[in-house]
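So TrEMBL says this about it:
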| type | residues | note |
| --- | --- | --- |
| ACT_SITE | B:288 | active site, 5-glutamyl coenzyme A thioester intermediate |
| BINDING | B:263, B:264, B:265, B:266, B:267, B:358, B:378, B:382, B:402 | CoA binding site |
| DOMAIN | B:11-215 | domain 'Acetyl-CoA hydrolase/transferase N-terminal' |
| DOMAIN | B:319-463 | domain 'Acetyl-CoA hydrolase/transferase C-terminal' |
């Protein structure tokens, strides 16, 4: 029976419908909600807020872990319920509202949101909405498929709405590692020295007097869309695997490499899938999201342990993992995102980071977020946390797309998320550019030689050559730097 | 007698002239040299290499801690002795050669160079040139006025030339804290939890069999050029101090603030000097360079402790500190730069970072390094290490310069070193923009309202307004984004 999930019996009279709980939101409030890459998000209460906002003026600032599932962000945006949103989103309806200036969006490094809240560099959180699997006798909360910023929201919010998701078994107990750093100026070390280290509690310590409503749901997470590898992603993956093999042959890495981080998407999936037929073994992962490929590698006996902040997988994989938790419990851990993504741990563990670019330029600067300088797609997510601090920072993208009308390798990126300082390796389906130890002018030639689509090679070489004549450490022709983007906007193609 | 400085007696027959030592360099070698912001650099051997290169083809890759003094970088560049240079420089002659494409320069986060060498992401170091004050009986090395990357060079180089600088007393023993992290994959925590923690040895452990030459010098460091505060720097400093006072009044910070980092230059100097007449007390510093103002604050009893990688001060201050080391020894420490600047410690300690921008844009992106997109000035230095991981990241610049022909607040920066994700507060002599919790469109308005010079306000507002009509999360008009830089290049002024 569902009430068994509330083991503090006095709280059972807090159970209400989602509609009733949604009445607690007031116009102008700051709301903190669980949810990280569609995992462990609020399924009912935020949806009820969207419904309420259709007829009432109730507009909030919504802070989550990362993206939400079930189209909730779109419903909230459509209903006018969002004034401001952070730190990440992937919803097409919300994206449109953000780019129209109707919703204000703050694109944040995912490790930083909890820090900003805790340090009062963001407004106080009025109300938290947290999906959980159970409330334990000591008042502590058992998260579901993600941890995200829930620990911070539970600590910092003035009141808390709990969503108990009966679709998630209490068997998830033990897959989470709940730890937060101390307050300034007395912050201690985070004592993780290997992916598999558990340093905290299994549940979120919580003051139950802050509970203002409890809502039951029984809705699984939105499944991940796993695109099958195609010719381009397979080419990218094979370039990366060949690179790793070379590094092992040189003695720079062992066949266990170092802990892997992979951004979401089909390229990362193709790379990880590629490990299945390789000689690498005893791999580990220190990432933000565990995807299908992670569990495939665990099942294949190639990956020993995976640490992240959420599990975002296909329906098939979801059933495989959550119906067999005993098999996976000692092979994975979910951490708060200000631990999974914290710079100090990424450098300490020596993470190999693989993330997706929208475009990159001849000097190795990467745009992960914006189309033609202005319009955001999703957000920077954790890519900056990992790329800056990684042992190796790899970015991947296709060389060209849309019938090759768009080149993803450009004279200058139209928006900078990762500067050349933070990028070691660039990969397209055309090839791999190893930028380590290269000065900008050397980088440019290697990128032009290895990464750009043949249709754009001559013009990119011409840009670089003519810029070099004018001089500089990173020679540019500012009057032409965005000519390709401008052509795309005016003529529908970057081609001359 | 100078030979007393070599306490391993068997090494005394390694003493040669600088000219003889410089014969050890071979064309194509990778050279690692001590020196960080003009402190503790090679005074004789690199100069002798420059002399040799005037008549011989001997060109090397030179890696240092940061900038060198005594015009050495310029002499080396002028003589054609530099093929590649990293990670930082401030020399006008070298700068010209870099921008002409005659010397390849890699601009690196100062915390990363040692990591890159250690992880073999840079070529192996053939020969190191290290200024020291003494070689101890156990073979360990006593650094002088900086630590920089000397520990890594001492460990990794195949052979080592030691420059014993008699101008630096052996009394410096005890001001250094020498610690390096373990190798991957067994790296442990760096156990610093407060600025004043000492976690390592007082000297650099060293295998004396690698010594190929020892040279004596008796030349002090190049003194820092300390510009007196002027109207603009005083205005910037007063905006920042007023901001800190407000944060204390709000209860966000105490009157001890949190550990301060300040970039080199007259603004940082003016800010720190401003603390002298304030109510702040028990300040600490976790920075990369200790400047005159640090010691002024220590002398005034306002600063308790300062941690960095070098001491770069005026001649007056140099004498004050190094003739009174007993007074300062327990109030400061010099660390390797991959410790002083390491991301994990900066976040753990909650550093308040104050760095100088060349220009910033309406969304808060900062250019610290390049003029009009192409030509480098100095380099990113440690600003990225600190800004990304700081509790508060502050950037300062004058609103306009050169008879106001140049605006330092622009539609889009021509080179990105720090993205909007990493910038909390922007300050010019016009005012302060507090960007915390603001989305890009809000940031733009606050920056236009507070920071831009009046002569440019209307045009900047017009750019932003017209870009907003076109839409986006960070609205831009790509065809106009660099119009101000292009006008400057064509007409000598950014004004219409």
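The backbone N, Cα and C atoms fix where each Cβ goes, and this holds for glycine too.
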Mean pLDDT for the domain 'Acetyl-CoA hydrolase/transferase N-terminal' (B:11-215), rounded to an integer?
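Value for the domain 'Acetyl-CoA hydrolase/transferase N-terminal' (B:11-215), mean pLDDT as a whole number: 98.
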Looking at Cβ-Cβ distances, which residues of the chain lie under 8 angstroms from residue B:265 (CoA binding site) while being 6 or more apart from it?
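Once residues fewer than 6 apart are set aside, residue B:265 (CoA binding site) is near B:356.
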Quick check on the domain 'Acetyl-CoA hydrolase/transferase C-terminal' (B:319-463): DSSP residue counts for helix, strand, coil, in that order please.
53 helix, 38 strand, 54 coil
Using the alpha carbons only, what distance in Å do you get between residue B:402 (CoA binding site) and residue B:288 (active site, 5-glutamyl coenzyme A thioester intermediate) once rounded?
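Checking the Cα atoms of residue B:402 (CoA binding site) and residue B:288 (active site, 5-glutamyl coenzyme A thioester intermediate) gives a distance of 30 Å.
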Pairwise over B:263, B:264, B:265, B:266, B:267, B:358, B:378, B:382, B:402, annotated as binding CoA, what's the top Cα to Cα distance to the nearest Å?
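The two farthest binding residues have Cα atoms 27 Å apart.
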So of all those binding-site residues, B:263, B:267, B:378, which one's Cα sits nearest to residue B:288 (active site, 5-glutamyl coenzyme A thioester intermediate)?
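Ranked by Cα distance from residue B:288 (active site, 5-glutamyl coenzyme A thioester intermediate), first place goes to B:263.
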Within the chain of residue B:263 (CoA binding site), which residues six or more apart in sequence place their C-beta under 8 angstroms from its C-beta?
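Non-local contacts for residue B:263 (CoA binding site): B:354, B:355, B:356, B:381, B:382, B:383.
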So, in DSSP terms, is residue B:267 (CoA binding site) helix, strand, or coil?
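SS state of residue B:267 (CoA binding site) = helix.
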What is the total of other Cβ atoms whose distance to the Cβ of residue B:267 (CoA binding site) is within 10 Å?
28
I'd like to know which of these recorded positions, B:288, B:402, is least surrounded, judged by other CB atoms within 10 A.
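Looking at the recorded positions B:288, B:402, the Cβ with the fewest others within 10 Å is that of B:402.
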